[in-house]
Amino acid sequence: MSEKLELSGEQTHQEGQINQDELILQQQRQIQQEISESTPLVGELELISSLNAEYSNDEIYMQKVKDLASKYKFIRRTRPDGNCFFRGFSYGYIEKLLSNKNEFKTFYTLAENSKSSLVELGFPQFTVEDFYDTFMEVLKRISDMPTLEDAKRELHQLFNEQGYSDYMVVYLRLLTSGQLQREKDFYSCFIEGNRTVIDFCHQEVEPMYKESDHIHIMAACSAMNTGVRVVYMDRGNSKQVTEHDLPEGSTPYVHLLYRPGHYDILYPN
Amino acid sequence: MSKGDENNILYWDPMSDSEADSLTSTATARIKKDLMTLYTDTLPGIFAVGDEKNLKFIYALIIGPMNTPYQGGFFYFVLKCPNDYPIQPPRMRLLTTDGGRVRFNPNLYETGKICVSILGTWNGPAWSPAQQISSLLLTIQSLLNEKPYYNEPGFDKVNCSFFSRIFVNKYIQEMIPGDSDRYNEIITYQTLRVAVCGMVENDGGLNVPESLQNIMKQSFLNYYEEYLQTVESKLHLSGTSVVVSNCINLKREKRYDEVLF
């Protein structure tokens, strides 16, 4: 008996096909690399008017920057690597907490207790531990600084060290995933398609470089017990930027500028 | 990645990685912990050892699970962790391929490339830093299942042109009736030839670490009766020929009577 199998697996494997896919992936990696090399993880404070340079010939955007400038004084840019919400949010939140010792202390206690609740949800103790330890180390190092200035400098420095910065992002992603899973009945209605909350966490929350949506922000805020105002700026026709407070009805503590695909930190007047 | 690497499609390959060796301290600690869990919480059929000289390298052996065409086969892998592990996943390669001639699975190419999303070599859930080497090896082990013909990527693009994935998964069909069973016959044969005899006799001249070699030798003896049973049950196929892979059109006569006797 002579068999000749046309295995379907082999068909997707033809060279032309594979090179296409490979090259796209390759190109994505390369673009990511180039972005990384050209933008700091978290930048310095810049005036809102610095946005004008990006939109010098665009009436709609110029109008919106003007509106933004009436409400906000500074912007702090973050690296557009898909982690910008988590990085910007945690930076902005910790920075704000520094000016209020009691609030910082409350948050420190919340963070201290967060690991055991993740382990209870089934996250492996030892993988969570590394990120937790780094997260707590950063909080401790900042709070140990003698002055507010020093603390802010330390925060900025740690958030620009890839190792620390990425571990902060990872831990916040895990906390967000934990929050989604703990309240999965509530969050399941926000997930499109046939995915379960757990699938969604594995696919869109826990992996690095995955961009964040409303649902990530809501869960991250709940996990940190705070609120975020997201200021939307796109090419839509209105003359003003639109604001969304997440979770709905919360008092905004951190302000973020959202332009399609990217978040930066904002500082109110 | 430098400009010159633009067309380098071996980004997945631990053997052609040009990243300088400078593991971060967190990565070093984490790799040690990952290995430690593999020793303390052992997983059936999964073994791994680190490299004393270069912590970035991990060598792993997965034994084909019972009641699958991979039963008792020795699948040897090399992993290389990036400097910022576990932010990024390791690179990973299968070396049990009969020198690049056998594709053991729709996801396990004859080049040694492993197509799974957590390695970044296929679409789907990406690697997460909360994962570890043992969870990665479990994922790879799950590819060695009873009906590998139905694994992605074999079915992803071929049948999905008009239907959503969910729809297709419900109505998944063989290209030609009987393909899945025929595929299993080929894999059973190649497992015995390449992943059992070839590995135990080290036909490929692989530098398998001694501790993993010892596991293979011991397991070979334990599985010996099963190997014999498989060969005896397939003797009627002796002399049939198969197209092993339509990419390379290697024709090989199946000689079950020569595999073990």
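Each Cβ is built from the backbone N, Cα and C atoms, and glycine gets one as well.
Annotated in TrEMBL:
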- A:Asp81: active site (ACT_SITE)
- A:Cys84: active site, nucleophile (ACT_SITE)
- A:His262: active site (ACT_SITE)
- A:73-269: domain 'OTU' (DOMAIN)
- A:Tyr232: site 'Interacts with free ubiquitin' (SITE)
- A:Asp234: site 'Interacts with free ubiquitin' (SITE)
- A:Tyr258: site 'Interacts with free ubiquitin' (SITE)
- A:Tyr263: site 'Interacts with free ubiquitin' (SITE)
Compute the C-alpha separation of the residue listed as 'active site, nucleophile' from A:Asp234 (site 'Interacts with free ubiquitin'), stating it in Å without decimals.
17
Packing count at A:Tyr232 (site 'Interacts with free ubiquitin') (other Cβ atoms within 10 Å of its Cβ):
16
Cα within 10 Å of A:Asp234 (site 'Interacts with free ubiquitin') is the criterion; apply it to the recorded positions A:Asp81, A:Tyr258, A:Tyr263 and give the hits in sequence order.
A:Tyr258
Could you tally the C-beta atoms, other than its own, that fall within 10 angstroms of the C-beta of A:Tyr258 (site 'Interacts with free ubiquitin')?
21
Listed recorded positions among A:Tyr232, A:Tyr258, A:His262 whose Cα sits within 10 Å of A:Asp81 (active site):
A:His262
At the Cα level, what's the spacing in Å between A:Tyr232 (site 'Interacts with free ubiquitin') and A:Tyr263 (site 'Interacts with free ubiquitin'), rounded?
10
Who sits close to A:His262 (active site): which same-chain residues at least 6 apart have their Cβ under 8 Å from its Cβ?
A:Thr78, A:Pro80, A:Cys84
Tell me, by DSSP, whether A:Cys84 (active site, nucleophile) is helix, strand or coil?
helix
Proximal but sequence-remote residues of the same chain as A:Tyr263 (site 'Interacts with free ubiquitin') (Cβ under 8 Å, at least 6 apart):
A:Thr78, A:Cys84, A:Phe85, A:Gly88, A:Phe89, A:Ser212, A:Val230, A:Leu256, A:Leu257
Which one, from the recorded positions A:Asp81, A:Asp234, has the smallest tally of other C-beta atoms lying within 10 Å of its C-beta?
A:Asp234
Other than its own, how many Cβ atoms are within 10 Å of the Cβ belonging to A:Cys84 (active site, nucleophile)?
25
Averaged over the whole of the domain 'OTU' (A:73-269), what is the pLDDT?
95
